[in-house]
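These come from TrEMBL:
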- Cys187, Cys194, Cys197, Cys203: [4Fe-4S] cluster binding site (BINDING)
- 38-185: domain 'HhH-GPD' (DOMAIN)
Amino acid sequence: MNADKRRQIFARLAAANPEPTTELEYRTPFELLVAVMLSAQATDKSVNLCTRELYPVANTPAAILALGQERLEGFINRIGLYRSKAKHVIETCQLLLERHDGEVPAERAALEALPGVGRKTANVILNTIFRQPTMAVDTHIFRLSNRTRLAPGKDVRAVEDKLLKVIPAEYLLDAHHWLILHGRYTCTARKPHCESCIIADLCEFPGRTVPVSE
């Protein structure tokens, strides 16, 4: 895919959704950190259902530590891997209090040192909270990038690096949100909705169900 097509893709996504954001519900950096930690192999909808009950009771590192792992599990047991996630959240709360005065750090190394926080979670926090030009590649973005040929790669890191290289600079801060939403609702896994896709004529997917404009 050439640079002109890529620019057109992001221009259209930006016009359709000028202020994109995550679908995870949060009010503070810490609330988003916990929500992203819970979202691994879970839908944003299921995470929001849990945090709507959890955060009115405990939404700071100290409050969740006081809650304890067993009670925390009771709030999040509707999502997958909830026991290990609860353990990681508790351990992360402890480290945030010990090393960062209870605040979410703005540095990648410090974020990735937290239990249960990998590169993708760190990228979400750095981009959404601290407005750094990072790219968290999830299953939706990986699929879309390869299917459309926007930024093909054999693994998520290869796709991440390619996207950061080819996305026009003026679109980079919001690109993660545009791509994840487009992959989640339009460029879906089993049956992409090519007929309603606003970038279908720019897509290089051989199996698209609408013709490319000549």
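Start at 1 and count along the chain as shown; that gives each residue its number.
Cβ from N, Cα, C; glycine included.
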- Cys194 ([4Fe-4S] cluster binding site) falls, by three-state DSSP, under helix
- Starting from the Cβ of Cys197 ([4Fe-4S] cluster binding site), draw a 10 Å sphere and report how many other Cβ atoms land inside it. 20
- By a simple count of other Cβ atoms within 10 Å, which of Cys187, Cys194, the binding-site residues in the record, is least packed? Cys194
- Query: By a simple count, how many Cβ atoms lie within 10 Å of the Cβ of Cys203 ([4Fe-4S] cluster binding site), its own Cβ left out?
  - Reply: 23
- Item | DSSP helix/strand/coil residue counts for the domain 'HhH-GPD' (38-185) | 99 helix, 0 strand, 49 coil
